[in-house]
Amino acid sequence: MTTDLTRLTADALATKLSSGEVSSVEATQAHLDRIAAVDGAVHAFLHVASDSALAEAADIDRRRAAGEEMHPLAGVPIAIKDVIVTKGMPTTSGSKILEGWVPPYDATVMTKLRAAGLVSIGKTNMDEFAMGSSTEHSAYGPTHNPWDLERIPGGSGGGSAAAVAAFEAPFALGSDTGGSIRQPAHVTGTVGLKPTYGGVSRYGAIALASSLDQIGPVSRTVLDSALLHDVIGGHDPRDSTSLTDAWPSFAEAVRNADVAGLRIGVIKELQGDGFQPGVMERFREALALLEGAGAIITEVELPSVEHAIAAYYLIMPAEASSNLAKFDSVRFGLRVNPKGGGTVEDVMSATREQGFGAEAKRRIILGTYALSAGYYDAYYGSAQKVRTLVQRDFAAAFANADVLVSPTAPTTAFKLGEKTGDPLSMYLNDIATIPANLAGIPGISVPAGLAAEDGLPVGIQFLAPAREDARLYGVAAALEALLEQKWGHTLLSQAPDLSPSEMNATDEGAV
Amino acid sequence: MAKLMDYDRALELFEPVLGFEVHIELSTKTKMFSDAPNYFGGEPNTNITPVDLGLPGSLPVVNGQAVRYAISLGLALGCSIAPTSRFARKNYFYPDLAKNYQISQSDEPIAFAGSVEVELPNGRMFTVPIERAHMEEDAGKLTHVGGATGRIQGAEYSLVDYNRAGVPLVEIVTDIIYGAEADAPELAKAYVSTIRDIVVGLGISEARMERGNLRCDANISLRRRTPEGEPPAPLGTRTETKNVNSLRSVERAIRYEIQRQAAILDDGGTITQETRHWHEDTGQTSAGRPKSDADDYRYFPEPDLLPVVPSAELIEELRAALPEAPAIRRRRLKAEWNFTDLEFQDLTNSGLVNEVIETVAAGAAPAAARKWWTGEIARTANAQGVDATTLVTPLQVAQLVALVDAGTLTDRLARQVLEGVIAGEGTPQQVVDARGLAVVSDDGALIAAIDEALQSQPDVLAKIRDGKVQAAGAVIGAVMKAMKGQADAARVRELVLERATALPE
């Protein structure tokens, strides 16, 4: 029975919790058991909060039994990307420099989750400070893709995506600076949405690049992402970049999904060269299904997109170089005392030398250089101009289309170790996701099926104008329904079971 | 000890060129970017939030009151207020800087292009050009433990108190100031004093230099004079003197730097571009950190904050609420009070203008108010080494003046009453009552004493009767002595003349 509970969507589990058919302790225990069974192989979690999760679950059960009015999602377990600060749970952002740090405060999204009664079961793995597309830059070892443990789960939020894909949690929080929610969703057959910049508070999200970062939901179904987004979204006076808009119910947008008459603009620049045939095949098939359901498919051009990666890899490291300056051993985290002592500068240097991984150092150096006197205009200044051009391209494209569409990433999951020696090819993974961060617009990745050549998941990305996140939930939910109707099952039901017996058998070469 | 050139000689050879950066701590309730109390005394590291500590994930939020204060100050400095200004990150590593960047303003300050009218002690009016005023956050406070100097060099370890981290600051930066000439030290003092008057008038800062609420960095360079008809020499290399914690020090530090730099330049040496520390005790500056224009703070727009876009309505509202500019106010008061140039200058230099204003407002005549504040009270303050404003209140002075005006006290008695008030014995009236110091205004008691004095000095009485009125002085003195000084000498004189004729032969 416990295995069954982990197979439920968050929405279905919430229904059983509300009706009293299942307790939160049972649901939480089921997921903790699943983690114990499979996470040795997947390594989605950096920290599993068994005790506090069961205590929170028991509290929810007690309050529900006492007749207290509860949020519909109260008692549902959730996994939290380790970039989000959590009172009482260690928070490392995937870095050795924060090993063992337990924050004295909660991120605003955590406060909202707790208020809604969601049960945090642990912190998920990620590339160090969200710098990467594979989780291989985590200081604590990579996460493995549940579809093929030899492959990457995407990044930086590979832990959250893998946890959800491996049924270790019904949904999770992620963060997306250049695709860190959407690209992992693409390679793990899950759903992930990057909200409009300012739609979800960044207070308590350890900053990579402040002008690009956004927290968002990761789940197995579009509805679950919408339900979670409804909880975490909205204005936060602690985040000056948080929008003051009143947001519509995203869950409502899912339930009212309809693509009839919807103008879907196919981004000309994000297909063809460099895109895996099996990815393009699923992409075109999805478009055909949408067209069959009444959507109007057109083509749009985003000419500046070809410069987007270059601009991104100046703006992001520039902001990161400044954001990561605070990790200096003085107030929190790792402290390395050089042999024979030294000045405070020596201690800071030794700490940062030992505490940061190679990719973090690479980006700090890149960003420091881009902001230096004499180079600022050529690098950071030019990149900001490209950013403006990308925004203008989107504005023009949205004049002729309600949503835009592209494959979420050029390829399916690559093998662990395949690209770690080649940062540029790793960076190119985010070619389709980065433009949305530069423009501050929302984007969602939904499963489109498996690529014929490797049998691995493929995602499709929809983009909408800023503040139109609801539109994404509508089109994504419609496509999800069309595809599942066609397949007769969910995509993740086709993923390997990962149960211990099966894995042992594989290990022993008995298959 | 550095070699110094005679000041007048230095001025013959060189033209001093000045520039000032004045930091003002705003007296808002909370910090610039967090809701921690804006208070940095007390137990270290208690008035802090995750934001002030720069904890991972924390974000700044701009204090709206600080922005309003900065706009008011900008307007009072005659600046234009930027319709859009922006915060920027100034990146450098230092342990008192929690995030290892300071949130400041770089090329888009909230206020720019203003000027301040400054009056020098010699009566000269000088217009100081203001380049900009911008908002920023203060850093924490380091205490270096071990080592002889209290400086970081030689210290065993250092303690950091982040209570001050995030305190709102406005930094006022002048343009290059030419033409001060020999008045340069006095201009420096008068400028900082005027800035202090402005912020106190606006009520936006405690502006106590000794507490660091108002801090002045003084930039100075010397330009060699060229014979008439020749092009001017290029500007000299500047030094930036920090740690100048009183108005007097500002003046002394500038004078010292002019003499020091002149001696070096005249010997064919060069000035090192550096910060210099002012030492109050020795009256000298010492070399600090070399500073170059190439210091690279990698400024970039603070992505965690939106641009500051004050509405035109807000700016006009704040402009309408501005108090009178100090220079204009001084001109007005001088006329209203009918003071001579010298009297007003004397008052201005004493720094007690506000006290006199309040004393006059409490009913005293301006001349009397000035006389008491710059006379007896200032002398006592000087002797006790305290600020005159801490001794008595303007209301107490006005009450004292009223007692004199009413004839209850003579000037001499009033000084005794003042002494009692300063000693904490109560209001002037309470001191009068407690010490029994009032003038004897009972003519009966006076007449009895006069009669006795006249009768005991028949020769004097005879002289008075002969019309030799000057002789009355001896009797008056005896009566005043008998009355222990608590009599109005003029009244005694009247009565002496009256009794001299009234007494039987």
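Here the Cβ of each residue, glycine as well, is placed from N, Cα and C on the backbone.
What TrEMBL says about a protein is an automatic prediction, not a curated fact.
Marked as active site, charge relay system by TrEMBL: A:Lys81 (among others). Its own atom aside, the Cβ of A:Lys81 (active site, charge relay system) has 32 Cβ atoms within 10 angstroms in the protein chains shown.
Marked as active site, charge relay system by TrEMBL: A:Ser156 (among others). Non-local contacts of A:Ser156 (active site, charge relay system) by the CB criterion (under 8 A, 6+ apart in sequence, same chain) comprise A:Val83, A:Gly94, A:Met126, A:Asp127, A:Ala130, A:Met131, A:Gly132, A:Ser133, A:Thr135, A:His137, A:Ser175, A:Thr177, A:Ser180, A:Pro184.
Secondary structure at A:Ser180 (active site, acyl-ester intermediate), taken from DSSP and collapsed to helix, strand or coil, is coil. As annotated by TrEMBL, active site, acyl-ester intermediate applies to A:Ser180.
The annotation domain 'Amidase' is assigned in TrEMBL to A:26-472.
Every protein chain shown contributes to the tally, and the Cβ of A:Ser180 (active site, acyl-ester intermediate) ends up with 37 other Cβ atoms within 10 Å. Mapped onto three states, the DSSP output places A:Lys81 (active site, charge relay system) in strand.
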